[in-house]
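K.L.:
What TrEMBL lists as domain 'Major facilitator superfamily (MFS) profile' is 1-437. Under the heading region 'Disordered', TrEMBL lists 468-487. The transmembrane segment annotation in TrEMBL covers 31-50, 97-119, 131-151, 248-266, 286-307, 314-337, 349-373, 385-402, 414-433.
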Amino acid sequence: MGGPAAVDTGGGQGYAHLIDMSRPWYKNRRLLALNGWLALLLITSSTNGYDGSMMNGLQSLDQWRAAFNYPSGGMLGLLNAIQTASHSVGMFIGARFMIGFGLTFAAAAAPVLITEVAFPSQRGPATSLYNSLWFLGSIIAAWTTFGTFNIPSSWSWRIPSALQATPSVAQLCLIWFVPESPRWLCSKGREAEALNTLAYYHANGDAEDPLVEYEFEEIKAAIKFDREVAANVGWMSLIRTPGNRKRLRIMVAIAIFSQWSGNNLISYYMNKVLSGIGITDGDTQLLINGILNIFNFVIAILAGLLCDKIGRRPLFIASTIGMFVFWTLQTACFALYSEKGNVAAGHTFIAMIFLFYAFYDIAFTPLIVSYTVEILPFALRAKGFTVFNFALTLSLIFNQYINPIALDAIGWKYYLVYVCWLAFEAGFVYIYVIETKNRTLEETAALFDGDETAARLAEDAAKRAGVSDHISEKDKGSATEIEELRI
């Protein structure tokens with residue numbers, strides 16, 4: 001949990017002066033190779049996105065509903081992966097369980113590895129792209145099911161099912177060549193390998209490059225500190241210190257918010273929602289689903305790429321307030337259509353869906369994974385991310401069982417529950433989410449553990465890396481400036 005080696009009152013990176021700016025990254029062969037490996041890891045999210053959107057699309061296919069006896073919304077909540085050869089409900093569920101089981105491991109490891117091997121100045125956007133690329137898979141699935149809609153046989157749903165295997169096959173063949181995390185290597189005493197990995201990808205093989213030395217020493221200092229203060233890092237470490245309790249509170253909250261903001265009511269039960277406002281044609285439902293996924297993808301990618309310029313906190317605040325406003329308007333439109341048959345209100349409801357998702361996408365698509373892994377120290381990163389995924393999954397299961405039942409039972413009035421909940425989300429984010437942009441992982445983790453610890457570890461790492469001359473006395477000792485940056 002090393003602290004910032006330089007405290008810049010302008011909010012810039014402490015390592016910025018160590019980065020070679022003589023040529024852009026896309027002209028650096030080693031960085032291109034590194035980003036290629038990151039792209040391989042990023043498609044894990046696309047696989048998950050494909051699955052969710054495909055299930056949404058299959059619900060509009062008469063051939064699929066007939067093949068599986070028109071399964072209910074509660075049953076659909078159990079379906080986590082898919083198999084093309086299924087001929088019965090039992091085989092279908094069993095195949096989805098097996099693939100979903102494997103996806104759980106991949107989804108837990110991929111974003112952590114991306115965060116720990118990415119080039120420092122690209123870490124924020126790269127990790128933010130992980131969750132944003134969910135929509136790439138979702139787009140492919142939505143338009144695939146739209147394209148196979150009119151096939152008068154079971155191949156209308158078997159073709160989308162078969163395509164789901166493509167990214168997994170690519171990962172299985174290439175994962176053996178992806179670089180290991182330097183932080184993990186250091187934690188296992190394999191420091192020479194860690195240094196070689198950093199040097200090869202971050203400095204064209206130069207182990208004496210100032211940036212590589214800085215990263216390497218900061219990683220070692222953070223791991224040493226972790227071992228000093230917590231020789232046995234277990235699950236209880238997540239609640240043992242005030243800093244860790246702050247982390248746990250934030251990451252569990254954003255995991256729940258990402259699923260309980262009303263978004264899953266739309267994404268997993270689009271056909272029910274659209275049918276509720278009079279759009280019952282399967283072709284039209286699939287078309288709306290496909291266009292919405294393209295819209296979501298564009299917004300999420302732009303927000304992810306701009307996260308280091310705008311900042312995490314402003315994006316989260318804008319997201320929750322915008323969702324509250326447009327969900328409230330959705331509720332009003334749904335009520336007008338349901339109670340008075342107002343067709344114009346039904347059409348406006350569709351526009352409100354797009355605007356609601358625009359604000360959801362600027363934070364809760366690109367940032368929930370990247371923010372979670374960057375606020376955790378190395379020793380707790382895997383455990384903390386597991387807790388995040390567990391909280392997210394519990395929230396998702398609750399939604400998939402409760403949403404269709406509540407929507408059928410009380411209709412538009414169920415939307416009022418989310419109006420109140422979104423107001424709570426906005427207040428929580430404003431109070432607790434802190435800014436973390438433009439920092440290394442060790443610098444970000446130190447924000448939660450006190451200024452004195454941050455300053456001590458920062459100076460130690462900088463001295464070992466031989467870059468302490470770049471740090472002013474004011475920067476080393478000013479707790480006030482650190483607090484200003486935190487705010």
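Glycine is treated like the rest: Cβ placed from N, Cα and C.
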K.L.:
Should the transmembrane segment (414-433) and the transmembrane segment (131-151) be scored as in contact, given a threshold of at least 3 Cβ pairs under 8 Å and pairs 6 or more apart?
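P.N.:
Judged by the Cβ rule, the two regions do not touch, with the required three close pairs absent.
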K.L.:
Among 31-50, 131-151, 286-307, 314-337, point out the range having the most Cβ pairs under 8 angstroms from the transmembrane segment (248-266).
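P.N.:
Against the transmembrane segment (248-266), the leading stretch is 314-337.
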K.L.:
What stretch, picked from 31-50, 286-307, 385-402, has the most CB pairs under 8 A with the transmembrane segment (131-151)?
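P.N.:
Per the Cβ under 8 Å count, 286-307.
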